[in-house]
Amino acid sequence: MKSGLDISEIKRRKRERFIIAISLLLVICLGFIEYRLIAGRSSLPPSGNLLIFAIINLNILLILLIIYLTIRNIVKLVFEDKARLFGAKLRTKLVTAFIFLSLIPTAVLFIVSMQFVNTSLRLWFDERIERSLEDAIFIGRTYYDEKENWLRDVAVVLSESLSFKCLNEASILDKKCIREWLEAPQNIWAGRSIEVARSLHIIEILDPKGNVIFSRRSLSLVDQLPELPQEQLKKILTSKQMDIFSTELETGELLEAIVPLGMGKGDEAQGALVVGYLMPQKVSHLLSAIKKGYEEYQALKLYKDPLRTTILITLFLITLLIIFVAVWFGFRLARHITEPVQALAEATYRIAQGDLDFSLEARGKDELNSLVRAFNTMTQELKEAKRRAEKASLELKRSYRELEQRQRYIEIILQNVATGVISIDRTGIVRTMNRSAELILGISADEIVGKPYSELLTPIQAQEFDQIRRDLISSSKGLVQRPMRIKVGDKDISLIVTFTVLRDQNGRSHGVVVVFDDLTELEKIQRMAAWREVARRIAHEVKNPLTPIQLNAQRLQRKYSDRFDSEEKAVFQRCLNTIVNQVEELKRLVNEFSSFARMPRLRPRATDLKALAEEVAFMYKESHPRCEFQVLVKDDDLPLIEADPDQLKRALINLVENAVYAMPDGGTVSITLSTSSTNSQAPDHQSASEQDEVVIEVSDTGLGIPKEDRSRLFEPYFSKRKGGTGLGLAIVNSIVTDHGGKITVEENVPSGTRFIIRLPRKAPSNGKNSTSSR
């Protein structure tokens with residue numbers, strides 16, 4: 001039942017088994033190699049110590065590897081026990097039991113084995129054995145030296161006898177004498193035993209060139225004796241010193257002595273005497289065997305400590321291996337016991353996590369597999385129950401999505417409706433505010449939501465509002481509508497406010513919904529329309545009698561001016577001039593009223609604002625030298641706009657005239673042209689020709705306009721200027737409005753006033769002003 005095992009765990013176990021198998025194989029191979037090296041120590045090269053040292057190090061590495069694996073498993077077991085993993089307690093008990101069961105006999109075996117090894121090594125390398133070998137070597141060397149000294153004495157006696165007997169007066173060896181004398185050994189030794197002479201296996205006489213003068217060899221050496229090298233013979237003859245050397249032959253070891261001849265009567269040797277003695281093969285072999293055995297013993301003695309270390313490491317390695325096998329077997333046994341139960345526990349966890357498709361494989365008929373089958377049955381029942389629950393959940397989600405979509409739709413409507421909407425709970429805390437309410441009241445929803453509504457109003461307005469809210473909540477009225485004026489920033493706005501009580505299906509009140517519209521612009525339009533109607537009637541009623549009055553005054557001047565004397569004529573003329581001048585003034589006022597009441601029809605065409613502004617500035621430069629007039633263009637590609645140039649020129653002249661009047665001591669009048677987009681998210685790379693609006697700013701550095709007067713500047717007949725009609729800015733406002741634009745006034749920094757006109761690139765398509773449209 002391996003369903004509970006992780007794939008990485010299975011791979012790790014396979015890897016550990018592979019490492020264990022390789023380690024065991026290496027232990028066996030290295031042990032065998034080490035045994036062969038020690039058994040064949042006589043054939044070891046000089047680097048044999050290095051090889052054994054390398055094998056010992058490899059054994060140490062294997063020991064470290066097994067120690068690592070053993071400690072790793074034990075540490076893992078400890079951490080699993082601390083982490084309270086499933087089956088950790090059982091694994092700990094089994095591994096501990098196996099360690100103790102294997103450790104005691106292994107330790108006893110290790111101690112006994114080490115004692116046996118130490119005893120064996122002590123017996124192998126006992127001093128008596130070494131001393132016996134040294135004595136045998138000494139005996140063999142003594143025998144060898146005695147034979148060598150005997151051969152040297154024989155060679156010296158023989159060479160002296162030959163030199164005495166066979167060397168003529170010319171210091172030349174007589175070959176005939178040599179043969180005769182050597183063939184009679186009894187002459188040679190002058191009374192010595194003839195058996196000594198016969199014991200020599202080689203007697204040869206050589207001339208200085210190496211040619212054999214006389215030779216007598218044993219039959220066994222006829223074909224085995226190699227020729228004497230010329231270099232060696234020449235060296236002996238030159239040095240006049242005897243030389244002894246040995247040669248290994250098939251029948252034994254041959255000792256040869258070479259002695260120069262003729263050294264008594266001349267400076268140069270006349271030849272050489274070669275005598276040889278063949279040591280018996282058995283004696284030679286025994287001497288070689290004793291020497292070789294001693295050398296091998298000395299070599300083996302060098303391996304005493306490495307051998308002890310190697311055996312100790314091997315025993316320690318076997319001990320650790322037994323402990324490791326015990327630990328590993330304990331793990332295996334515990335795993336075989338706990339894996340089925342662990343698989344069932346992991347399956348239960350997966351079921352708890354929602355994986356109901358998971359099942360266990362039952363492989364038998366025992367109690368555990370019966371539990372597995374019961375578990376699989378439970379899983380199927382849970383899966384069916386989950387399917388039914390998911391179906392019900394889908395229905396609930398569908399209903400929730402519909403409600404959410406409906407709520408989102410209502411929120412979209414509230415955010416996009418032009419009417420301001422604010423919801424207030426029973427305690428007077430603002431809960432929601434739509435975008436239109438933010439724009440009308442000039443406040444962000446984040447600043448007021450969650451706070452009392454009284455922070456939006458003056459104390460008197462808050463009192464009135466609170467009374468209305470309480471009356472609505474306590475009474476059965478559905479709604480109340482009231483006009484209100486509140487101050488937003490520097491201006492007063494007029495609102496029509498509707499209060500509606502929020503009630504649930506049980507009739508309980510949950511607060512108030514306040515719906516309001518900004519009537520400020522509507523009131524301005526209504527006032528403007530009323531004033532235009534008044535201006536139209538005044539112009540109509542006043543203009544009719546003005547012409548007869550003027551004509552009659554002129555007729556009186558022509559007809560009766562000659563009938564008065566000089567003094568009366570002057571009075572008469574002054575009265576008539578007063579009448580005519582006042583009539584002209586009244587006509588001018590009537591014309592102003594007419595212009596305001598009925599603006600001329602727009603005739604839009606492509607208009608260059610820069611040229612128009614420069615023309616107006618040029619007109620005033622000549623007549624007002626104390627003032628500076630400048631035209632600034634912020635965008636190089638300022639576009640042409642569809643507008644009535646005459647009307648715009650009239651508006652600019654009016655604004656510049658007011659600016660000049662506001663600077664009696666001189667100053668600067670600036671006409672600034674730029675472009676902007678009505679879309680706040682227009683891209684930065686959009687060119688001026690692609691923008692939606694053109695902005696005209698007329699600013700001065702004069703006295704400025706008080707804040708309390710700015711909201712009434714564009715109302716008809718409102719003027720602070722002496723002799724002003726109060727229609728100039730109203731006409732400017734009408735011209736801008738007829739072009740579909742908007743005009744505002746702001747304070748200029750550091751001093752003065754700034755009028756800002758925003759015009760669309762295209763004039764309204766109907767081409768009519770507000771008056772004609774009415």
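Keep in mind that glycine also has a Cβ here, set from the backbone N, Cα and C atoms.
Taken from TrEMBL, the feature transmembrane segment applies to 18-38 (among others).
Under the heading transmembrane segment, TrEMBL lists 50-71 (among others).
The transmembrane segment annotation in TrEMBL covers 92-112 (among others). Beyond the transmembrane segment (92-112), the same-chain residues lying 6 or more positions past its ends with a Cβ under 8 Å from any Cβ of the stretch are 73-74, 77, 81, 315-316, 319, 322-323, 325-327, 329-331, 333-334.
Positions annotated as transmembrane segment by TrEMBL: 311-331 (among others).
Positions annotated as domain 'HAMP' by TrEMBL: 335-387.
Under the heading coiled coil, TrEMBL lists 368-406. Long-range contacts of the coiled coil (368-406) within the same chain, counting only residues at least 6 positions beyond its ends with a Cβ under 8 Å from a Cβ of the stretch, are 1, 340-341, 344, 347-348, 351, 354, 356-362.
What TrEMBL lists as domain 'PAS' is 406-476.
Annotation comment: TrEMBL describes 537-763 as domain 'Histidine kinase'.
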Just to confirm my parser: what is the rounded mean pLDDT across the domain 'HAMP' (335-387)?
77
Tell me the residue counts in helix, strand and coil for the domain 'HAMP' (335-387), as DSSP assigns them.
39 helix, 0 strand, 14 coil
